[in-house]
Structures are given as structure tokens and as C-alpha cells.
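Some features that TrEMBL has for this protein:
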ACT_SITE  His332  active site, proton acceptor
DOMAIN    40-533  domain 'Choline/carnitine acyltransferase'
REGION    1-21  region 'Disordered'
Amino acid sequence: MPALVAARASSSSSSTAAPAATQAPKPSKLFAFQAQLPKLPVPALSETLPKYLRTVEPLLSKEDFARTQTVVEEFGRSAQGLELQRRLEARAAEPGRANWLEEWWNDLSYMGYRDPVVPYVSYFYAFKDDRLRRKSTQRAAALVRAAWAFRAQVASGELAPEMARTTPLCSNSYKFMFNATRVPVKPSDREATYALSGNEHIAVVRNSQFFVLPLVHGGQLLSAAEIEGQLDRIVRQADSGAAVPVGVLTSDGRDQWADNYRLLLQAAPENAATLERLQSAAFLLCLDDAQPVTREECHRVFWHGNGRNRWFDKSLQFIVCDNGKAGLLSEHSCMDGTPTCRLADYVLDQTLGNRVDLGSDVARAGLPEPEPLRFSTPPALVRAIEQAAGRFDKVVGQHQLRVLQYEGFGKDELKRLGFSPDGFAQMAIQLGYYRLHGRARATYEAAATRKFLHGRTETCRSVSTESVAFCRAFEDPLATAQAKTAALQAAVKAHGAYAKACAEGRGVDRHLLGLRLLLRPGEEKPAIFQDPA
């Protein structure tokens with residue numbers, strides 16, 4: 001995923017300074033454009049329905065497509081279709097509603113989704129090696145300092161908003177980046193956020209044991225040398241004995257975890273305070289004793305690890321292995337990939353470029369010992385933990401992972417040849433699947449809609465008439481190189497056009513979802529929502 005470049009120009013808005021005694025707070029760069037962002041549009045039925053038909057045609061037989069075409073056209077003409085469209089437009093226009101999709105999407109796709117967040121929802125980044133810092137706690141300390149500098153910019157509002165060329169993107173996700181956690185609740189989870197100003201600590205986990213590490217002592221941020229020393233203390237203490245792996249509870253299905261979460265709170269009064277310290281931490285630092293070598297081994301660690309040395313509900317988990325390999329795991333419910341990609345790019349730029357402010361090389365004497373976070377785990381809870389661990393191991397064991405690192409050429413060469421790198425990669429996926437199975441299947445690619453207030457994503461449908469024609473051309477032994485090139489160009493162009501429409505809030509899936517969700521109890525479900533297509 002390419003990183004978005006932060007805008008370097010400050011906001012053009014200005015304010016008149018108040019007298020010194022009542023100085024107005026400094027305007028936030030990060031949220032400077034929020035009030036100007038447009039709302040997510042509701043496309044016209046006359047736009048969405050023909051587009052929908054174009055996306056399903058290459059996936060259906062002629063007979064199935066004819067049936068789908070009939071039900072779609074009937075829906076577009078029906079009084080019910082027009083009424084659902086009217087309801088959706090009214091919802092979008094409600095005063096005080098930032099985004100007509102937001103509440104629905106967060107619940108249906110994230111908070112109400114009941115399968116485990118790992119391996120099914122959370123996403124990870126694998127970091128490049130740090131040649132300057134081979135020791136794990138030394139690298140971890142530098143990562144913490146760099147991440148804390150980024151956090152300080154978020155807290156102060158000095159971080160520039162992301163821009164797509166000259167268009168500002170919504171900054172709402174940054175409210176959920178630090179000092180945030182997902183909390184298991186039936187039937188739908190919730191997000192808990194904590195004030196950045198009052199929670200200047202991180203949580204650290206080693207050998208399934210959690211610790212609190214305050215990063216400010218005596219009013220001064222701990223230096224990298226001091227953080228490294230504190231992390232060395234944690235490693236020595238955690239490695240001196242085993243502990244019940246409470247963190248593996250977070251790997252479970254959300255309903256099961258919600259039940260065990262209540263059990264954890266009921267087990268002892270002090271467990272609530274322990275949870276609060278963990279959940280309110282700026283982020284979690286996982287010090288793994290693993291020493292992965294291959295890309296597959298590294299990605300397995302960052303994707304899921306052994307499930308015991310994690311708290312999968314935390315919004316951010318930096319992972320550092322004993323051999324210095326490092327990565328970042330992010331909980332997806334309130335943050336999509338572009339803000340965390342920006343964080344990852346910043347942290348790596350600062351550490352690998354040796355630009356990170358490490359503070360004094362001399363550690364202060366008398367720093368307090370890191371505070372262990374101990375949970376009371378009666379026998380019933382221990383059994384629940386053992387069962388959760390077994391389920392996690394089974395689920396992870398059912399998944400395969402292979403990493404392709406292609407070195408032949410990159411995005412610069414593709415651009416020189418006139419191809420969108422994303423479109424080219426998507427067509428490579430289409431051709432690979434076609435060669436294996438002899439047909440195309442519906443394919444989901446997320447397209448960002450953050451140019452809109454509280455925007456998140458739209459489904460970019462990668463299969464098109466042009467993509468199928470491209471696959472057939474490449475499999476045709478009689479097709480010329482010129483014909484294959486033309487087919488690829490047409491497929492990439494069609495993909496780019498659809499992706500652009502999605503970024504403009506004019507895709508198919510979110511609009512149809514909104515219409516379906518506005519059906520009232522007792523109302524007949526339109527045939528379009530019962531059609532196998």
C-alpha cells in the first residue's frame with residue numbers, strides 16, 4: 001500500500017489573537033479542513049443500477065444475466081425502489097449526521113462482526129531491518145521514541161492532514177489511533193478512547209506477561225537509552241517465570257470473548273483496574289522471543305504470532321522480535337490502512353534514516369521499575385484461556401501464507417509504460433486466478449472515500465468485461481503480442497475508471513447496502529436483494 005504524502009502547506013485559515021491572559025488555543029492543522037469536507041453523496045439510481053449490471057455481467061451466464069437485468073430494471077422503475085432512494089437521501093440530509101453510511105458500516109463490517117479479529121480483520125506491516133540497531137530492545141526503544149513523536153503531533157494538532165494531491169482527506173481516524181482499544185460486547189462491540197494528555201504510558205508484553213511503562217518521568221520524556229533499560233528489565237523479569245496467557249482471550253470469536261471479558265471482570269475487583277491500565281495505554285509493544293528469518297516466518301509473527309503475546313483489541317501493536325525483526329499490527333474497526341501506513345512510514349523514516357530524536361545517551365538513575373499488570377485468574381478463567389488458545393491454534397493452522405517479493409520491476413517502470421501500478425497488480429491477480437480456475441470470480445479491492453467527512457471505503461469491483469477479455473487474450477495461443485497489450489491496457493483503464501468512481505463515492509456496493517438497510521419490518525424485500533447475482 002503506497003503511503004500518502006502529508007500536506008506541507010499549513011491551513012489558510014487564521015484567527016485573531018486574544019489578550020495574553022486568555023490566549024486562544026492554537027488552531028489544529030490536522031483537523032483544519034474537517035468543516036470544509038463534503039458529505040458522502042447518494043448516487044442516483046439511474047447511475048448505480050446500470051453500473052451494477054456492468055459489474056455482474058462478466059460473472060454470469062447469459063441466462064442468469066438476463067434474469068438479473070430484469071429484476072434490476074424492475075427495481076429502478078418500481079415505487080419501492082424510488083421510496084428507498086428517497087429515504088436514503090433523507091437520511092444523508094439529516095442535520096447533524098456527518099455520514100449516512102458511517103454508523104451502519106462500522107457496525108456491520110467491524111463492531112458487529114463476530115469472527116476473531118485475527119486472522120480475519122486486523123492488518124499488519126512488516127518493517128525493513130534496522131542495520132543500526134540489531135538488539136531487540138534497542139530497536140524497540142527507537143521505535144517507541146519515533147511513534148511518540150508522531151503521537152505528539154496528533155495530540156497537538158500539528159500533524160498536517162493527508163492530501164490526495166490537492167484534496168484534503170478526513171482526519172477522523174486519527175482520534176482512534178493512540179490510547180484506544182476495541183471492547184467486546186454482545187451483539188456489537190464498542191470502541192474506547194482515552195485522553196492523550198492524561199495517559200502517557202505504553203503497555204509492554206513479554207512471555208504473555210503485561211507491564212505498564214510510563215514514558216514521562218519527572219516531567220521529562222524518557223530517552224531511548226532509558227526506554228531500552230526499562231525494556232531490558234521487563235525482559236529479565238518476564239523470562240524468569242511463566243504466566244497464564246490472558247491475552248489469548250482476545251483472539252477468540254467476539255461473542256465468546258465478550259462472555260470471557262465479563263468473567264475476567266468478575267474474577268476479582270483488581271482486574272478492572274488492570275484492564276483500564278492496559279486499554280488506556282498509548283499503544284502496546286510486543287517483545288516476542290521469536291526469531292523469524294524468512295518473509296513467511298516474519299509475516300506469520302506480525303499477522304498473528306502465537307496469540308499469547310498480544311492484546312488483539314489494541315488499536316496499535318508494535319512487534320519486535322529477539323533478532324530485531326519488527327512490524328506493526330493494527331485493529332481495523334476504526335482505522336483503515338492509510339493513516340497507519342503514514343505512521344509506519346514516519347517511524348521507519350525516522351529510525352532507519354537515523355533522524356529520530358533519541359534524547360540523552362545517559363540514563364537517569366532511580367527510574368522506577370516497570371509495573372507488572374497482573375490478572376487474577378481463578379480455575380474457571382484458566383479453563384476459558386486454555387480453550388481460547390486451542391481455538392486460536394486451530395484457526396491459524398487452517399490458513400496458508402506465501403509472500404511474493406517481485407524484483408523484476410516496480411511502480412516507476414509501470415508508470416513509464418503508461419500503466420497504473422494498482423490496476424496492473426489487480427490484473428495480475430485476475431490472470432493468476434483465471435489460469436488456475438478457468439473463470440473470473442467477484443473480487444473485492446478497498447477504495448478510500450476519505451475525501452468525504454468520516455469517509456472510509458467503497459468496494460472497487462476488480463472484475464470487468466475488459467478484465468475477462470484480457471485474461472482470455474493472454475490464454476489464447478493465437479493472440480498477438482499487440483492484441484494482448486491492447487487487452488491489458490483496456491482492462492487497466494476500466495479498473496482505473498471504476499476505482500475513480502469509488503473514490504468519488506459513486507460505487508455500487510455501499511449505495512445498494514444503504515437501500516437494503518432502509519427496508520422496514522414487514523416490507524417485502526425487492527427481488528434485486530434476493531437475486532443470486
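Each residue, glycine too, has its Cβ placed from N, Cα and C.
Just so you know, TrEMBL annotations never went through curation; they're auto-generated.
Sequence-distant contacts of His332 (active site, proton acceptor), defined by Cβ-Cβ distance under 8 angstroms and a gap of at least six in the same chain, are Tyr110, Val117, Val121, Ser122, Tyr123.
According to DSSP, the residue listed as 'active site, proton acceptor' sits in a coil region rather than a helix or strand. The average pLDDT the prediction assigns to the domain 'Choline/carnitine acyltransferase' (40-533) is 97.
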